[in-house]
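Chemist: The following block contains the structure, expressed as structure tokens.
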């Protein structure tokens, strides 16, 4: 299971990075916000340490969306005037503070779901507005470095998750591993405006992650393990299809 976790993150960082180069930074943000990393980690936790542990981790992961948002908001604002290293450390500090505060939140599915959804609704207003054209990425093959950084992050986070409670394990499952790697390299290659675009996309992707964890937390106690996971994946994809459909309809209406 440990080997699986170690390779999942670099693999998805590769896919998200390639998608970003093909379809743009916002698409990369949407994909990095989806449950491509946190989802498998919590599923593997449930297999490794039992259904009860996994269920509690899924509930904590829902509230952890707020700490993930706080990291992105802090990084985006700091990136406008600071080096990527300062932006990253500032974002991590805000994540730690937010995650610690979230441990005092009642671990009730309805409560954490409400908090996560409110956070997602507020996040676009707390992120910097997009005001300038994003500078095209400089040509540099940074994919191996991104994958290596993702693997190292995974080692640290996974090691901590095994010695902490299910609540902290759930919060760490949504630690901004892909978000950190994508933010840092986007900042270096394209500048702060591209980072802001990345996180505007990430907010949209995080709706899918939230729905995925809600399905796990609501279904694991009563239904077949893998059937619940499959429904969670289906619902996560359906959320993004709904966003796409709404965007298309809005575009058509604006043209008419």
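Positions of Cβ are set from backbone N, Cα and C atoms, glycine also.
As annotated in TrEMBL:
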TRANSMEM  6-23  transmembrane segment
TRANSMEM  30-47  transmembrane segment
TRANSMEM  53-78  transmembrane segment
TRANSMEM  85-105  transmembrane segment
TRANSMEM  111-135  transmembrane segment
TRANSMEM  147-164  transmembrane segment
TRANSMEM  170-189  transmembrane segment
TRANSMEM  201-220  transmembrane segment
TRANSMEM  226-247  transmembrane segment
Chemist: Mind pulling out the one from 6-23, 30-47, 85-105, 201-220 with the most Cβ pairs under 8 angstroms to the transmembrane segment (111-135)?
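Modeler: Answer, by Cβ pair count: 201-220.
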Chemist: Among 6-23, 53-78, 85-105, 201-220, 226-247, which stretch has the highest count of C-beta pairs below 8 Å with the transmembrane segment (30-47)?
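Modeler: Between the candidates 6-23, 53-78, 85-105, 201-220, 226-247, the best contact partner of the transmembrane segment (30-47) is 201-220.
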Chemist: May I ask you to check whether the transmembrane segment (6-23) and the transmembrane segment (226-247) make contact, with contact taken as at least three Cβ pairs under 8 Å and only pairs 6 or more apart in sequence counted?
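Modeler: Answer no: the transmembrane segment (6-23) and the transmembrane segment (226-247) share fewer than 3 Cβ pairs below 8 Å.
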Chemist: Is the transmembrane segment (170-189) close to the transmembrane segment (53-78), in the sense of at least 3 CB pairs under 8 angstroms with a sequence gap of 6 or more?
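Modeler: The transmembrane segment (170-189) and the transmembrane segment (53-78): touching, yes.
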Chemist: Which listed stretch (85-105, 170-189, 226-247) has the most C-beta pairs under 8 A with the transmembrane segment (201-220)?
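Modeler: By Cβ pairs under 8 Å, 226-247 leads among 85-105, 170-189, 226-247.
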Chemist: Sequence-remote contacts (6 or more beyond its ends) of the transmembrane segment (226-247), Cβ cut-off under 8 Å?
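Modeler: Same-chain contacts beyond the flanks: 30, 34-35, 39, 43, 204-205, 207-209, 211-213, 215-216, 219-220.
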